[in-house]
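Here is what TrEMBL records for this protein:
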{"type": "DOMAIN", "residues": "254-313", "note": "domain 'NrtR DNA-binding winged helix'"}
Amino acid sequence: MRLHYLNARLNLATEPSLAITAELVAVLAAVTDGEPRILTTAHGQTLPSGPFQSAHRSMQAGMRAWIESETHHPIGYIEQLYTFADKDRSQQDSRRFISITYLGLTREASAPLRDSVPHAGWRNWYHYFPWEDRRNPASVELVEQRIVPALQRWIADTPDASVRQRRQQRVAYNYGLHDSRWNEDLVLQRYELLYEATLVPEARRARASAAVAQAAGVHGASLPGLDMLHDHRRILATGIARLRAKLKYRPVMFELMPPAFTLLQLQQTVEALSGCWLHKQNFRRLIEQQQLVEETGDMAVGKAGRPAKLFRFRAGVLQERAIAGSKLPMAR
């Protein structure tokens, strides 16, 4: 399976008026130097995609084969995210596009890209969602000083009191206002609110009218963050949300770590993915209670301070891949 872009889709109908084209789209994530990274194509504007081939026994097998052929690295964890089949997902033509999306985990350092993949590269996913990194004071400031005021203007724009109330409740819940707490899992819901309020470029393109964007008023000004073609940023938000949720009850971070690591490196990986600080001692206590790791007997040579013990994931955990009822000890 070769890498395909916007026109590389599987045609499922012969009549133009009934044409349905399907594609497999990958949210391929890695953590490198403490940054959550995703593989992108078309200079960062799209996620990797390719057609399902009938020779594969399943779509998941096809996606796994494609990822491994392109990155030269075996994918330890892959799961289907969602099937996007809404009308008007692409403004290119009248065909209906169906995207069957997958989340895959790998290690960037062990996954050099093939020379045949043009304009592909790894990018920090917070470049697309800068408001999602709560460790960064600028992210918190962006939410408080720009996003929330813009959404409040959007709420006030409707004359319908019941609509205003529903919008206010959604904004408060998803952005952690009033009695609500910021929930790192609500990546997609936060993005969709910005889309509805015409705060992202993708919404303007979907409206296909400058007049509509202008009529959106002050709250229609775009926010920081790279946009993507079609609804690929929505797909990316779905993948990030799924991975963040998985961290709380399945040890999927194993797939992102090197064979040996320090507990600090493990904590920093989880913090990078969740966008939240973790309580150091509580995190280590959780890891010990769940018996997720074991010492290798070696030490890491640090730049400063005393050497740190190296750990590896227990073989039993790698087979079970399940944490029973655990929650990440977020630092509030």
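Glycine residues also receive a Cβ, built from the backbone N, Cα and C atoms like all the rest.
Annotations in TrEMBL come from automatic prediction, not curation.
Helix, strand and coil counts under DSSP for the domain 'NrtR DNA-binding winged helix' (254-313) come to 25 helix, 16 strand, 19 coil.
Predicted-model confidence for the domain 'NrtR DNA-binding winged helix' (254-313) is 90, expressed as mean pLDDT.
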